[in-house]
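Asker: Swiss-Prot lists 77-84, 178-182, 247-250 with the feature GTP binding site, giving sequence analysis as the kind of evidence. According to Swiss-Prot, the feature compositional bias 'Basic and acidic residues' maps to 1-10. Marked as compositional bias 'Polar residues' by Swiss-Prot: 12-29. Taken from Swiss-Prot, the feature domain 'Dynamin-type G' applies to 67-340. The domain 'GED' annotation in Swiss-Prot covers 572-660. According to Swiss-Prot, the N-acetylmethionine annotation covers Met1. According to Swiss-Prot, the feature region 'Disordered' maps to 1-29. What Swiss-Prot records for 77-84 is region 'G1 motif'. According to Swiss-Prot, the feature region 'G3 motif' maps to 178-181. What Swiss-Prot records for 247-250 is region 'G4 motif'. Feature annotation from Swiss-Prot assigns region 'G5 motif' to 279-282; the stated evidence is sequence analysis. The feature region 'Bundle signaling element (BSE)' is assigned by Swiss-Prot to 341-366, with similarity to another entry given as support. The region 'Middle domain' annotation in Swiss-Prot covers 366-533. The region 'Stalk' annotation in Swiss-Prot covers 367-630. Here Swiss-Prot flags 554-557 as region 'Critical for lipid-binding', drawing on similarity to another entry.
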Amino acid sequence: MVHSEAKMTRPDSASASKQQLLNGNADIQETNQKRSIEKNLCSQYEEKVRPCIDLIDSLRALGVEQDLALPAIAVIGDQSSGKSSVLEALSGVALPRGSGIVTRCPLVLKLKRLVKEDEWKGKVSYRDIEVEISNALDVEEQVRKAQNVLAGEGVGISQELVTLEVSSPHVPDLTLIDLPGITRVAVGNQPADIGRQIKTLIRKYIQRQETINLVVVPSNVDIATTEALSMAQEVDPEGDRTIGILTKPDLVDKGTEEQVVDVVRNLICHLKKGYMIVKCRGQQDIQDRLSLAEALQREKAFFEENPYFRGLLEEGRASVPCLAERLTTELITHISKSLPLLENQIKESYQNLSDELQKYGTDIPEDETEKTFFLIVKITTFNQNITSFVQGEELVGPNDTRLFNKIRQEFQKWSGVIENNFRKGGEAIRRQIWTFENQYRGRELPGFVNYRTFETIIKQQIQLLEEPAIDMLHRISDLVRDTFTKVSEKNFSEFFNLHRTTKSKLEDIKLEQENEAEKSIRLHFQMEKIVYCQDHVYRGTLQKVRENEMEEEKKKKTINVWGQNTSTESSMAEILEHLNAYQHEAGNRLSTHIPLIIQFFVLQTFGQQLQKSMLQLLQDRDTYDWLLKERNDTCDKRKFLKERLARLAQARRRLAKFPG
């Protein structure tokens with residue numbers, strides 16, 4: 001029977017074993033499937049989240065934030081608001097604590113989540129110093145040391161950054177900037193204006209549109225009166241980029257819990273991004289050596305057991321883990337939105353800096369041969385620029401006018417001056433003719449024109465144009481001098497001795513050519529006192545004048561304005577015809593020849609003499625060092641611009657490689 005029972009039970013045993021095997025395989029399969037899903041989610045997370053944060057962190061490490069604002073989360077709060085406790089809970093490391101100002105420099109807290117197998121590691125960086133940390137317990141000491149180096153061994157603050165990197169399986173992927181706590185009154189050895197200094201530093205960060213402001217406020221105070229939230233509202237009135245964090249919910253007075261819940265649910269002081277609430281380690285917990293991991297467990301239990309706050313936990317508005325997840329999501333979304341604008345800003349800044357660097361030229365060579373070649377290139381480029389201005393071929397911007405066009409406008413005004421002078425003199429001429437006919441005509445018969453009257457009137461009219469011509473010369477000479485000076489400034493601004501020498505030569509040549517031009521102009525007016533014109537030219541012009549007069553007479557009835565006899569009228573009409581004919585020819589000569597004189601002396605010859613004078617500088621090698629001596633700040637400025645360009649160039653390359 002025993003044997004038989006044994007035989008009878010074998011199939012059941014085998015069936016059970018088979019079922020256990022199937023169940024075991026199913027469990028393994030389910031576990032593997034969960035691991036696969038988890039691995040896939042982790043992979044997606046690594047592909048999307050980490051690269052975004054790493055990109056901005058790398059740009060910040062390059063120093064791009066010196067040139068442009070980067071997406072960031074800035075943490076602000078009044079002193080004793082629980083700000084340090086929140087950061088400790090997020091990072092898993094102890095940060096400097098104590099009374100008074102604890103955060104004395106902006107602290108960039110970079111948190112990077114590792115896979116479970118990797119070990120914790122940290123690093124503190126400031127200026128050119130990097131300190132690797134292998135034990136989380138050493139973080140507080142290293143941060144204090146960094147702050148003492150930057151802000152001094154006292155209670156002052158510094159705007160220089162301290163960067164703390166924490167890599168651990170137990171931290172979120174997140175980067176925060178911790179700012180000094182707001183204080184109102186200086187105590188002890190603190191500077192009298194410490195409150196103003198801190199607010200200025202905080203405002204520098206939170207006013208940037210690229211910054212999300214994380215405002216830490218204790219739950220047991222009136223949120224409307226907190227300085228931190230007030231500062232955030234000043235720079236972000238709509239609350240578009242402000243998140244409120246309530247701390248110390250365990251210290252809330254009984255009966256006020258519902259009011260705290262209303263604040264978290266955004267019913268009291270509205271912020272578009274809303275509020276979160278957390279419970280971190282207190283001073284007693286630290287003295288009792290409560291670990292951060294245990295503190296998280298106690299926090300969870302506190303919210304689960306509290307009838308008022310339990311709902312907030314279920315809604316994802318309470319606890320440090322919920323806060324970490326929320327901040328990571330906010331930062332990633334913020335970065336993604338900011339990248340296109342950031343890319344455009346970097347491109348624009350790079351172009352502006354490149355243009356500015358061109359003004360400072362290249363570094364001066366140390367080798368004497370190369371230095372000679374450098375100066376030759378500088379002077380040759382200057383001379384080529386001068387040639388382009390003289391020939392009217394210089395490059396100008398959309399709102400600028402070429403030098404020759406400005407000079408042409410002066411010449412056009414000159415033609416108008418001549419025309420107006422002759423036209424305004426018409427009535428005076430009529431009176432002079434009348435005076436001569438009635439007072440000075442001798443034994444001449446009526447109707448005979450006195451040639452001396454004609455000459456006298458012509459000379460007087462032309463003489464009135466001499467000083468306006470000289471004035472035009474001076475205006476154009478100053479215009480050319482100023483233009484050439486700008487060319488010198490563009491080419492030699494960083495070499496003050498070379499620029500000063502060029503300006504001196506410019507002034508000397510300008511005066512010399514101006515004097516020569518003035519002599520020629522005055523000589524021309526002296527020659528114009530000789531009333532002369534080629535016979536055939538004068539006859540042709542006179543004929544045209546008479547034809548025009550006849551046409552005018554046909555169009556209107558002749559009116560005897562002067563009321564004199566026909567002989568006088570005939571005499572006056574004839575002399576006016578001769579005057580008009582001669583004025584036409586003399587006016588043509590003046591409107592053409594005076595501009596030619598000015599062009600020749602104060603533009604072409606001025607430019608040629610300046611170019612020759614500049615080339616003569618190359619003959620004295622002993623002056624090269626003196627001529628190429630830079631302004632005190634030029635070399636530093638050039639180096640500064642090159643460093644900024646290098647940063648932006650690297651930033652552009654990293655943005656170009658970014659998969660997003």
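Just so it is clear, glycine is given a Cβ too, placed from its N, Cα and C backbone atoms.
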Asker: I need to check the long-range neighbours of the region 'Bundle signaling element (BSE)' (341-366): which residues 6 or more away from its ends have a CB within less than 8 Å of a CB in the stretch?
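Answerer: For the region 'Bundle signaling element (BSE)' (341-366), the far contacts come to 64, 67-68, 70-71, 210, 373-374, 378, 490, 493-494, 628, 630, 634-635, 637-638, 641-642, 644-645, 648-649, 651-652, 655.
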Asker: Give me the count of other Cβ atoms within 10 A of the Cβ belonging to Pro249 (GTP binding site).
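Answerer: I count 24 other Cβ atoms within 10 Å of it.
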Asker: Could you pull out which residues elsewhere in the chain have a CB under 8 Å from any CB of the region 'G5 motif' (279-282), counting only those six or more residues past its ends?
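Answerer: Contacts with the region 'G5 motif' (279-282): 82, 85-86, 88-89, 247-250, 290, 292, 295, 298-299, 302-303, 319-320.
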Asker: Near Ser80 (GTP binding site), which residues of its chain come within a Cβ-Cβ distance under 8 Å, counting only those 6 or more away in sequence?
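Answerer: Listed in sequence order, they are Gly181, Pro218.
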Asker: Count the Cβ atoms, other than its own, that fall within 10 Å of the Cβ of Leu179 (GTP binding site), considering every protein chain shown.
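Answerer: So the Cβ neighbour count for Leu179 (GTP binding site) comes to 26.
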Asker: Quick check: in three-state DSSP terms, what is Pro249 (GTP binding site)?
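Answerer: Going by the DSSP assignment, Pro249 (GTP binding site) falls within a helical segment, counted as helix.
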Asker: Give me the DSSP three-state residue breakdown of the region 'G5 motif' (279-282), ordered helix, strand, coil.
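Answerer: Helix/strand/coil tally for the region 'G5 motif' (279-282): 0 helix, 0 strand, 4 coil.
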Asker: Quick one: DSSP breakdown of the region 'G3 motif' (178-181) into helix, strand and coil?
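Answerer: Helix/strand/coil tally for the region 'G3 motif' (178-181): 0 helix, 1 strand, 3 coil.
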Asker: 10 Å Cβ neighbour count around Gly77 (GTP binding site)?
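Answerer: There are 28 of them.
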Asker: Counting other Cβ atoms within 10 Å of each residue's Cβ, which of the binding-site residues Lys83, Ile182 comes out lowest?
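Answerer: Counting other Cβ atoms within 10 Å of each of the binding-site residues Lys83, Ile182 gives the minimum at Ile182.
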